[in-house]
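**Q** I have a structure here, written as structure tokens, and I will follow up with some questions on it.
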Amino acid sequence: MCDKVFEEDATQEEVYAGTTRPLVEAVLRGHNATVFAYGATGAGKTYTMVGPEDAADPGQQGVMVRALNELFGQAAHLGDRVTLSYLEIYNENIRDLLNPGGPAGSAGGSLELREDQAGGVRVAGLTEADTRSTAEVLQLLHRGNRARTVEPTAANRASSRSHALLSVRLTRAPTPAAPRALSAPSGRLYMIDLAGSERASNTKNRGKRLQEGGHINRSLLALGNCINALAGGARYVNFRDSKLTRLLKDALTGDCRAVMIAHVSPGERHGDETRNTLAYAHRAGTITSRAGQYRDIVSDLRAEISRLRAKLAEGAEGTDSSSPSAVGPPVSMPTDASTQSGGGPGGPATNPALTRLRDDLVATFREQMRLRRTLLDIDAQLLRLDSETDRQQMILSRANKLYQAQAGAPSTAGTTRTSYRAARSTRSTRGPPSTIASTIADTETSDGESGSPPGSPMRRALYALESIEHERSRLVDLRAKTERDLERARGQAARLEDELPLQASSGEERELLSLVLRVHELEAERLALQGERELRRHELRRRDLLLMRYDRQRHICDEIITRQRRLIEDGRLSLPPDLHDLYRLYQKEIHAAAYSAFSPYSAHGLTDAYGSLGSTFTADSTGRGLYTAQAGADSMDVRTSARTNELPAIRRGERMYRRGTRGQRGHGDGGGGRAGDSASRSSGRSPNSSNGSDWEVATLATLPSVMGRCTSRPSGEARTACSRRSSPSPGLTTALCPPASAASGAPAR
Ligand SMILES: Nc1ncnc2c1ncn2[C@@H]1O[C@H](COP(=O)(O)OP(=O)(O)OP(=O)(O)O)[C@@H](O)[C@H]1O
């Protein structure tokens with residue numbers, strides 16, 4: 001669930017290094033990044049983000065101070081400009097923590113949110129402090145922290161009653177002191193100390209405190225809804241429900257890496273809050289989509305292009321302005337012949353050292369291209385495995401229920417579910433899939449009593465999951481190795497570029513750089529296209545899964561209605577007229593659907609719908625997933641049952657109708673719709689991409705990844721935290737921290 005968990009004795013430095021340092025590095029490379037502290041009141045969010053109020057010991061300083069120190073240190077070194085703003089949202093009012101009184105004329109210091117034409121949100125009148133001195137910026141931060149709304153509650157002696165948002169913007173300005181000027185775009189880091197979620201019964205808040213708690217919970221709920229929508233891949237996410245979500249829109253979408261540090265208290269009495277926090281963090285964690293990694297690869301490449309452009313522009317400054325455009329591509333793409341023979345971009349080079357350098361440069365960039373494509377390929381395979389895992393999980397949980405019902409063995413099913421959930425959690429921590437193996441062993445040993453019979457859907461799903469886990473850990477390792485190789489190749493290219501001015505005249509140097517730039521540009525376009533194509537495929541798989549899920553939900557609802565009706569009829573209960581009308585409407589609907597059910601499309605739809613339980617997944621030697629469809633229920637059975645058992649049969653008919661319609665719409669091939677769909681999945685092709693159908697496909701808006709930090713109570717209960725994933729994917733991260741009641745002497749909750 002969490003990418004990293006921090007033990008109770010984890011130091012502030014460890015938590016910072018495990019969660020936020022990679023974000024600071026990303027910001028220095030021109031990305032946007034966000035770190036949130038989330039958790040119940042008193043769980044230690046402010047301690048993590050800010051540090052204790054009287055932190056004389058630098059070791060106690062929180063994430064904000066550490067990140068600012070590091071950013072300012074690097075920025076001063078590079079001559080970059082850093083600006084900072086700090087605000088709080090208290091009772092849905094925005095207050096400038098660097099200027100708590102607000103600008104003249106503001107109502108009680110409350111600032112307004114304004115939307116610009118591009119849909120971006122800004123806070124009117126918010127102070128953007130511009131400083132190059134680390135000491136000064138820390139002073140500003142402390143001043144802002146002192147201005148925050150803090151009140152004592154039963155749960156926390158100094159409870160922050162507001163959400164605090166610290167935003168640091170890094171701007172690369174071209175100055176003579178900054179030789180790498182324009183080498184990367186500007187980046188922004190948001191650091192957010194959310195107010196704690198709270199239960200009135202625990203906090204014993206009354207009056208004003210209770211009202212604050214209501215605002216806090218409402219905005220956290222709005223944030224949770226956005227997270228849920230993003231995690232579910234929704235096309236429309238409602239950020240407008242609270243000021244917090246409006247402000248965080250940029251941080252939650254687009255090219256923004258994010259870490260959520262979820263704070264929990266492992267004490268038993270905090271069980272409910274811990275569970276809620278973990279569920280919230282887990283949901284946030286699922287926003288992290290591998291989809292974001294495509295954009296990451298491409299955006300790194302684009303940053304490299306900007307750097308090369310800047311370098312070319314710098315080189316052009318001192319040369320004749322009538323010479324060929326320094327930034328434009330004066331050379332054509334290298335052909336294999338030209339690059340291999342040493343024939344350069346501008347004709348054969350006479351200087352052997354320069355020829356060698358050019359060949360090395362081209363070879364290094366070719367290697368980088370190859371590695372980037374490999375990364376993209378691995379990500380595509382991982383995406384497929386993610387979808388397949390979800391599918392097999394659904395099959396498993398369905399099969400579990402069936403066995404529970406048939407064998408009357410809730411204990412085994414329960415064990416399987418629990419074990420599998422644990423097994424699934426090994427996915428993110430890259431642990432061995434041993435839990436799945438032991439679950440399989442469990443079900444095997446309990447055969448005949450309550451376990452699943454050999455060859456059953458449950459057993460097949462477990463085996464499929466086991467092979468998926470093996471494949472996933474192989475791919476994750478391969479990805480890590482490829483990233484290391486890419487980093488090495490980048491270093492090698494940088495060294496060769498540094499050697500260029502020594503070996504080449506400025507004209508030759510610019511030509512070579514133009515060549516490299518052009519290669520990068522073409523590569524970026526290619527990768528972007530490839531990535532978007534893969535995202536569309538993923539979106540189609542996600543929608544297929546969603547349809548399966550809806551089918552399941554409808555099936556359960558139908559079952560409930562049928563049984564309730566039986567109860568009503570058997571007990572001769574009289575119905576309220578409106579309910580009676582609803583039943584009639586329902587009956588009409590399913591009858592209408594039943595007629596359509598026997599359309600030519602139905603057989604395919606039904607086979608696919610029911611066959612889902614019997615389909616299996618295997619991975620071939622290249623790691624690509626193969627689907628093997630197996631026969632499900634056949635349409636004759638259903639027609640028979642339609643006569644003998646009206647309600648359930650009609651329900652099935654309706655499902656057939658919907659499937660048939662979808663297949664027809666997607667492929668324009670009538671009854672072959674779903675079959676075509678299955679076939680194209682088997683071959684790894686998207687039905688959508690293959691025929692240019694009119695399906696609308698939404699691309700997931702993703703955060704890079706979610707990290708978590710869980711700190712437990714200082715009194716000896718665990719302090720735990722979750723940290724960022726190994727791969728630098730964009731997303732949200734989550735973490736957990738302890739309530740300070742023990743340390744602070746606040747009353748125990
Ligand atoms: N890891 C820790 N080590 C030592 N003390 C801690 C730790 N975590 C929290 N505390 C202490 O616990 C108390 C409560 O922590 P804090 O104020 O950070 O909680 P919070 O989650 O921000 O609560 P709220 O949401 O109510 O503002 C503080 O006195 C803090 O110093």
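Cβ coordinates are placed from backbone N, Cα and C, and glycine is handled just like the others.
Where the annotation comes from TrEMBL, it is an automatic prediction and has not been curated.
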**Q** Ranges 115-149, 185-219, 465-499: which does TrEMBL label coiled coil?
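**A** My reading of TrEMBL: the coiled coil range is 465-499.
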**Q** Far apart in sequence but close in space: which same-chain residues, 6 or more away, have a Cβ under 8 Å from Thr46 (ATP binding site)?
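**A** Long-range Cβ contacts: Ala37, Gly62, Ala158, Ser160, Asp193.
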**Q** Measuring Cβ to any atom of ligand 1 with a strict under-6 Å cutoff, which of the binding-site residues Ala40, Thr41, Ala43, Lys45 qualify?
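**A** Thr41, Ala43, Lys45, by Cβ distance under 6 Å.
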**Q** Rank the binding-site residues Gly39, Gly42, Gly44 by the number of other Cβ atoms within 10 Å of each Cβ, and give the residue at the low end.
**A** Gly44
**Q** Please report the number of other Cβ atoms within 10 Å of the Cβ of Ala40 (ATP binding site).
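**A** For Ala40 (ATP binding site), the count of other Cβ atoms within 10 Å is 28.
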